[in-house]
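Beneath this line is the structure, given in structure tokens, with notes to follow.
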Amino acid sequence: MPKVEIYKNLFLDKVGKNFTNSEISELLEPFKAEFDGFDENSGKIKIEFNDTNRPDLWSYTGLARQIKTYFFGKIPCYDFFSKKGDFKKCYGEILVDNKMSQIRPFIFGFLAKGLIINDRMLEALIQFQEKLCQSYGQKRKRVAMGMYNSNFIKFPISYVASSPNHKFVPLGMDCELSLLEINEKHPKGLEYSHIIKNFDKYPLLLDDNNNVVSYPPIINSNNIGSLKVGDTDIFVEVTGIDFEATLLALSVVACDFYDMGFEILPVKTVFKKPFGLDFEELVCPYYFQEEVEFNVKNVNRLLGSNLTLERICLSLKKMGVNSYSRDLKNYVIPPFYRNDFLHEVDVIEDVMIGEGLASFHPELPKAFAVGRLSALEEFSRDIRNLMVGMGFQEMIYNYMGSKKDFIDRMNISDQNFLKVSNPMTENYEYIRASIIPNLLKSESVSSNFPYPHKIFEVGKIALKNLNTTIEGTNTFTNLAFLMSGKEISFNEINSIVATLFYYLNIEINLKESQANFYINGRGADIFLKDFNIGSFGEISPYVLNNFGIFIPCSVFEVNINKLMSRS
């Protein structure tokens, strides 16, 4: 979760009232923030936020804005925002190359003038930039931001897809490097180049004199892209891959600059070719948020309250949220700097915070029930105890993984596996149908530890339901364990299996397994009353090599659900 350090005097100046540290701690509570200490030497307050949905609070100006609104009823007005059908006068243009639509499509900006930046303001701006890009911007992948002295920039600015061989002097260096060299040599290139390095061309910002402004989202130009104490005219741009996230980040920063005392001058972004949007140009900062409907009955039902519409609207106003009624329906208008109202429930949460948690009295539950462990969980715990008693160490794994680990390395078919239709990353593309790949992956990184290794997991697996005409899935609880060492053989694991089922008081039958990941003749399927419930055996050298394992391994896996139902 985001942690920020803000100068206490700057913060209290914006709030407009002095508070002790303990009072500040109380002021932060409604906004899911915790007072984490005060450094007398630096004069900074340390604050930790327990929510990532409100990036507008991660600066001293944004936090002061919310506190003034909540406790003193001061809702700010930001009249520099454009709206649909009402674009403000623009003071510069950003021209977007149509090739950027497949790389990093969105860029928006504004100019800020009229205030001299001092050292503490600059430090606060840089910290906010970092927090915004790291947390809300997902380490610059989703959103990245740049700040520049606008006196060195000639508009219009071009946002182009450039050759990786294009050279300029990056910030913090005194020699020219190509974009490829920046990726490989510059600290920021090493940290962030993975975001764009798979593309044939890279994003570049050029002014009208063809000077490089920045290489987003990696690094600014050394000649133009550094903000200094004493600067008064600033250009701010935000690039990103998500339209609304990019716009919101720019809106939040614009409101912060305005609250500091700057004049905000809008900048127009011109898309030379539509990017699947319903416009070809946009004057920013731009208000894009949609109104959200709410129902008074739903508010009172979820909160267990009896609030009137008027009281609800007052509570929302304390959160900086305006509301109105039309045709017997009620709507909230999200503030310029917020986009966290996805559902009526989000509105109700703001009503609750606006009312104050102390105004809601605790009640005993009206329903009474006695809880207990399910039979499956009790049986699973017995199995865990047996495994620990036999010298195994319990592991806990993620249920999702890659095709490479679950299927390719195991040399098996993907017939039983569930695949995510739109995965964020290939590392979490499939839901596991077996625990064995997880155990082997652990073993592959454990060669430095003394042998033998004995690990197990009791966990969920999911299989396609192949026995019906309707698509579906079956979820089971499985036990799997792995033994590795120079002396580990089929006889060793067979002895452990026999001991396990002896203490479970279950009789099983064994038949030779045809699974590809076992050595021929050294794998067995486990049958209980003619039903196959699992298997065990020695892993083949081919599979071991796929995982980078160079020591013999034997594995076991059984379906606990079937074990219970058939025993």
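Positions of Cβ are set from backbone N, Cα and C atoms, glycine also.
Under DSSP, ASP340 (Mg(2+) binding site) is assigned to coil, being neither helix nor strand in the three-state scheme. Among the features that Swiss-Prot reports, Mg(2+) binding site is placed at ASP340, ASP346, GLU349, ASP350.
Per-residue pLDDT, averaged across the domain 'B5' (287-362), gives 92. Under the heading domain 'B5', Swiss-Prot lists 287-362.
Local packing around the Cβ, expressed as the count of other Cβ atoms within 10 angstroms, is greatest for ASP350 among the binding-site residues ASP340, ASP346, GLU349, ASP350.
DSSP classifies ASP346 (Mg(2+) binding site) as helix under the three-state reduction.
Of the chain residues outside the Mg(2+) site list ASP340, ASP346, GLU349, ASP350, ASN53, PHE341, VAL345, VAL347, ILE348 have their Cβ within 8 Å of the site's Cβ mean position.
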